[in-house]
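Here the structure comes first, spelled out in structure tokens, and everything after it is commentary.
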Amino acid sequence: MEQTFIMIKPDGVQRGLVGEIISRFEKKGFILKGLRMVGVERSFAEKHYEDLSSKPFFTGLVEYIISGPVVAMVWEGKGVVATGRKIIGATNPAASEPGTIRGDFAVEIGRNVIHGSDAVESAKKEIALWFPDGVVDWQSSLHS
Ligand SMILES: Nc1ncnc2c1ncn2[C@@H]1O[C@H](COP(=O)(O)OP(=O)(O)OP(=O)(O)O)[C@@H](O)[C@H]1O
């Protein structure tokens, strides 16, 4: 079954949005397979965002991600990568629709509360990076 990597960024944790965000994914019908609160090392943040290393905002982005704990999660379900991105909303909160997480809770692109994998392949890579020991192998009773 398809899985995605979701991270509540330091601003989402500091603003007390962890429960709200987990609730939105749970109520949609996706299944939580992994959950860790992490204080991210600089080198690890650089690795996670290595595709953006040439961007002018890269240093600020890394400083943001290491500024406080994040909540790293693996969610599973049919089409969870693309649907997860819809639940999250557009990268720039100015363009995120109301009803999305960024549309409801963010204003600044540099403080946009949450990350979600943008493709099935990047989800696999990110899950392997953040959950090197694997995730919890359990089956929801809703599955069948
Ligand atoms: N112009 C910018 N200024 C500041 N920060 C930015 C800018 N563009 C992107 N970012 C930050 O970098 C992150 C990664 O950018 P990317 O283009 O991969 O968007 P995304 O895939 O929607 O976001 P994420 O990977 O966090 O889910 C954004 O979520 C945002 O926090």
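Using the three backbone atoms N, Cα and C, a Cβ is placed for every residue, glycine included.
Here the structure is a predicted model, which means the values were calculated and not measured.
Quick look at what TrEMBL lists:
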- 1-137: domain 'Nucleoside diphosphate kinase-like' (DOMAIN)
- Lys9, Phe57, Arg85, Thr91, Arg102, Asn112: ATP binding site (BINDING)
- His115: active site, pros-phosphohistidine intermediate (ACT_SITE)
Length of the line joining the Cα atoms of Arg85 (ATP binding site) and His115 (active site, pros-phosphohistidine intermediate), in Å: 9
Sequence-ordered recorded positions from Lys9, Arg85, Arg102, His115 with Cβ under 6 Å of an atom of ligand 1: His115
Largest tally of Cβ atoms lying within 10 Å of a Cβ, found at which of the binding-site residues Thr91, Asn112: Asn112
For the domain 'Nucleoside diphosphate kinase-like' (1-137), residues assigned helix / strand / coil by DSSP: 62 helix, 26 strand, 49 coil
Other CB atoms within 10 A, centred on Phe57 (ATP binding site): 12
Spatial neighbours of Arg102 (ATP binding site) that are distant in sequence (at least 6 apart) but have CB under 8 A: Ile88, Gly89, Ala90, Thr91, Pro93, Ser96, Asn112, Val113, Ile114
Sequence-distant neighbours of Lys9 (ATP binding site) in its chain (C-beta under 8 A, six or more apart): Tyr64, Ile65, Val70, Arg111, Asn112, Val113, Ile114, His115
